[in-house]
């Protein structure tokens, strides 16, 4: 009986973090800290903003967990933010990782935060290689965001450099996203 209950709970927890087509590794699964506080984020948002963390790249789940914890510690302890800044992050392993998630406003693009979700790739894409599994994960996540009503069907995709004075999301990501259907120059 206990094993059936444990299995049921595991299925429920996993389904909570399953987007329409892409599995999202929960903050608890990657060892993230709880937010100090949150601010709600609406539905049918107009923008998705793509970033890179400009730090360490990761290729395995264990490496990505460590990098995520480091990014979160920097955001919370050094910058004084209540949580990691992005809604979702994508590792070199092709996994999508929960940051602030679907319903909490991020801290990734100043005045754009209330109107957007922030998706960041772990690494520095001025020199790190953007792999096909990472591109696929990001595109699936964006499609899921539309299907679940988080992004409007006519959302606009920006690279961080379009809304702030920065090199983010790095040259390799920048060159990639300019070919995506929702990107706007």
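Each residue, glycine too, has its Cβ placed from N, Cα and C.
Given the structure is predicted, the values throughout are model-derived calculations rather than measurements.
What Swiss-Prot lists as Zn(2+) binding site is 51, 160, 168. Residue environment of residue 51 (Zn(2+) binding site) contains 25 other Cβ atoms, counted within 10 Å of its Cβ in all protein chains.
Sequence annotations record features per position, and here Swiss-Prot assigns disulfide bond to 58-64. Cβ contacts within 10 Å of residue 64 (disulfide bond), excluding its own Cβ and spanning all protein chains shown: 24. Under DSSP, residue 64 (disulfide bond) is assigned to a helix (H, G or I) in the three-state scheme.
Residues or ranges marked as domain 'N-acetylmuramoyl-L-alanine amidase' by Swiss-Prot on the basis of sequence analysis: 46-170.
Sequence annotations record features per position, and here Swiss-Prot assigns signal peptide to 1-21.
The site 'Essential for zinc hydrate coordination' annotation in Swiss-Prot covers 86, and the record cites similarity to another entry as its basis. Under DSSP, residue 86 (site 'Essential for zinc hydrate coordination') is assigned to coil, being neither helix nor strand in the three-state scheme.
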Residue pair residue 168 (Zn(2+) binding site), residue 58 (disulfide bond) - Cα distance, angstrom, rounded: 18
Additional residues surrounding Zn(2+), by Cβ distance to the 51, 160, 168 centre under 8 Å: 49, 50, 52, 108, 109, 120, 159, 161, 164, 166, 169, 170
Stretch-averaged pLDDT - the domain 'N-acetylmuramoyl-L-alanine amidase' (46-170): 97
Greatest C-beta neighbour count within 10 angstroms, which of the recorded positions 58, 168: 168
